[in-house]
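Presented below is the structure to which this report refers.
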Amino acid sequence: MRLGLGPAALGLLLLCAAAAGAGKAEELHYPQGEHRSDYDRETLLGVQEEVDEYVKLGHEEQQKRLRSIIKKIDLDSDGFLTESELSSWIQMSFKHYAMQEAKQQFVEYDKNNDGSVTWDEYNIQMYDRVIDFDENTALDDAEEESFRQLHLKDKKRFEKANQDSDPALSLEEFIAFEHPEEVHYMTEFVIQEALEEHDKNGDGFVSLEEFLGDYRRDPTASEDPEWILVEKDRFVNDYDKDNDGRLDPQELLSWVVPNNQGIAQEEALHLIDEMDLDGDKKLSEEEILENQDLFLTSEATDYGRQLHDDYFYHDEL
């Protein structure tokens, strides 16, 4: 059965799948190891109006709110921000905004405002209509078959997120659906989904060949292309912790789930490297205020957005 999916709907789901690939955000954020503050502003802060918003604050108010944030990052109140404190704060910020985004989406998806989201409501919000594929019948068109496979995976994740007899998702269940990496009971599902996609020989592990996917080396080439060398290095040094040449389920999880901890640590080290004026490997309030623009275009303040979110600068956080 051909559904004649519109290019916008098909493109959206395929784009979402591509964006979920491990390491893509890091590659854009740190191409060839270079930190891109323009990517920080454009992509992670959001629309240009939000980027400009913190600039509208007066200098004195900016510094007042920034000092309040610095105090909250400084967990031991010793007057300095360490790599660990900055990393913990950035990870907390990641999770806070992920949850806020999911809550906003929940309201948009809940078409009848009954406090829950059904599978039909999810489809209507995503594709402007209810889509129902036959789970056992492949489609002839390659693009539509790819869409069918991705749509069925979404449906399985939707059903797994649901923990009660009500077929609709509560807010907590919707968060589990949108961010399974943040919810413990979804971990096994995430692992199994990854194994189904990548474990081609069904042995319960992902080999280097399976990790690289459909890549076949050009027999006329003297060496692999640069991107393959990078991926092999990631496999060996980042994911295969026991060096057995394959990824077990827990190692696989570190690949398929966004590594916010690693990104946060990298950004914390970047900030210290750029702003530590006296070489003590930590940041004082004076050093931060002297490099205020850099701090406000980093993940430490979510690119300035925290100055407009009293969750972060309010005294009672």
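Each Cβ is built from the backbone N, Cα and C atoms, and glycine gets one as well.
As annotated by TrEMBL, domain 'EF-hand' applies to 61-96, 97-132, 186-221, 233-262. Under the heading signal peptide, TrEMBL lists 1-25.
Counting residues per DSSP class in helix, strand and coil order gives 22 helix, 1 strand, 13 coil for the domain 'EF-hand' (97-132). Counting residue by residue with DSSP, the domain 'EF-hand' (186-221) contains 18 helix, 2 strand, 16 coil. The DSSP breakdown of the domain 'EF-hand' (233-262) into helical (H, G, I), extended (E, B) and coil residues amounts to 18 helix, 2 strand, 10 coil. In terms of DSSP helix, strand and coil, the domain 'EF-hand' (61-96) has 27 helix, 2 strand, 7 coil.
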